[in-house]
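As written in Swiss-Prot, here are the features:
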ACT_SITE  HIS176  active site, proton acceptor
BINDING   GLY10, ALA11, GLY12, GLN13, ILE14, GLY15, ASP34, ASN96, ILE119, THR120, ASN121  NAD(+) binding site
BINDING   ARG83, ARG89, ASN121, ARG152  substrate binding site
Amino acid sequence: MSRKKIVLAGAGQIGGTLAHLAMLHRLGDVTLLDVNANPPKGKALDLSHAAAVEGCDAVLTGTADQADIAGADVVIVTAGVPRRPGVDRDALLAINLPVMESIGTAIGRYCPDAFVICITNPLDAMVWALRRFSGLPPARVVGMGGVLDSARLRSFLAEALGVSVTEVQAMTLGGHGDDMVPLVRQATVGGVPLPALVKMGWITQQAIDDIVQRTRTGGAEVVNLLWTSSAYYAPASAAIAMATSYLGDQKRVFAASAALSGQYGVDGLHVGVPVMIGAGGIEKIIELEFDDEEQRQFTRSVAAVAALVEDCKRLHRGLA
């Protein structure tokens, strides 16, 4: 049986990390695509040597020719300008929108049956534009953001509670930005609701509030520490988990930026919600019940995403 083909559109730090993880997880052959052929070729060559150490027979190649993505089973899009200190996701929109047009058009032309995962920021607007440019159905284009934000929330909660992160279940919904909605009320630790742990004295409400705020600014915290780049290990791990669920028909549930058509009262936008990913792509969108405060926060987050989408339409008439 032939191996699957994984295309990584963007061969920067996230792209290189994705390629390494895809090789280690034996997901299939890997093609790194970038505007200049040498960096992806260099990383592919280096990773081929690493594959020999790992005993992996995957074929890793680098290219600048978009035609080389033909027949891809999965495309993970990281291309574009990453965040820098003092530059928020919104400021990246005008720069990265043309990149989404180029890659989206290539996906629609060369691999229209692929499952596409977008990492490029501002994520919810970029995945919306990518789907429009590609012409792919909504179930086959998804944004990674909520998986990463939820992982940060789970990590911070596990650290504060002194428990294994595997015991913490928590989701962050809404847009992948400062208005995201960490659902701490619905979080559990070993099956015990987080509010119950507050009553038991395991953690204070103030500590939870601080964790919520740190989750919202987690990306900026990494950017400010790295200075010359944004996060790349965690985003790559998140995207690989999504790709693995698709390729293996695992039907895992993730908080991810999906195209909504009436769910949560939202239509025509990509917003972070719980989705089940299997061989059919996004196979289910799970609608949770919010309390009044959660609904208020979610509505505000959706409004922020909608504003970015309107900016996309203003910048590119073809999206209007």
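Each residue, glycine too, has its Cβ placed from N, Cα and C.
Feature map: annotations from Swiss-Prot on the structure.
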residue: GLY10; record: NAD(+) binding site; Cβ within 10 Å: 24
residue: GLY12; record: NAD(+) binding site; Cβ within 10 Å: 22
residue: ILE14; record: NAD(+) binding site; Cβ within 10 Å: 27
residue: ASP34; record: NAD(+) binding site; Cβ within 10 Å: 21
residue: ARG83; record: substrate binding site; Cβ within 10 Å: 21
residue: ILE119; record: NAD(+) binding site; Cβ within 10 Å: 29
residue: ASN121; record: NAD(+) binding site; Cβ within 10 Å: 28
residue: ARG152; record: substrate binding site; Cβ within 10 Å: 24
residue: HIS176; record: active site, proton acceptor; Cβ within 10 Å: 32
Where the record names GLY10, ALA11, GLY12, GLN13, ILE14, GLY15, ASP34, ASN96, ILE119, THR120, ASN121 as binding NAD(+), the maximum Cα to Cα distance in Å: 17
Mapped DSSP class for HIS176 (active site, proton acceptor), helix or strand or coil: coil
Rounded Cα-Cα span from ARG83 (substrate binding site) to ILE119 (NAD(+) binding site), Å: 12
Top Cα neighbour of ASP34 (NAD(+) binding site) in the set of recorded positions ARG83, ARG152, HIS176: ARG83
Assigned conformation of ILE119 (NAD(+) binding site) - DSSP reduced to three states: coil
Rounded inter-Cα distance in Å - ILE14 (NAD(+) binding site), the residue listed as 'active site, proton acceptor': 17
Of the binding-site residues listed as GLY12, ARG83, ASN121, ARG152, the one whose CA lies nearest the CA of the residue listed as 'active site, proton acceptor': ASN121
ASN121 (NAD(+) binding site) and ARG83 (substrate binding site), distance between Cα atoms, whole Å: 8
Residue from GLY10, GLY12, ASN121 whose C-alpha is spatially nearest that of ARG152 (substrate binding site), among the binding-site residues: ASN121
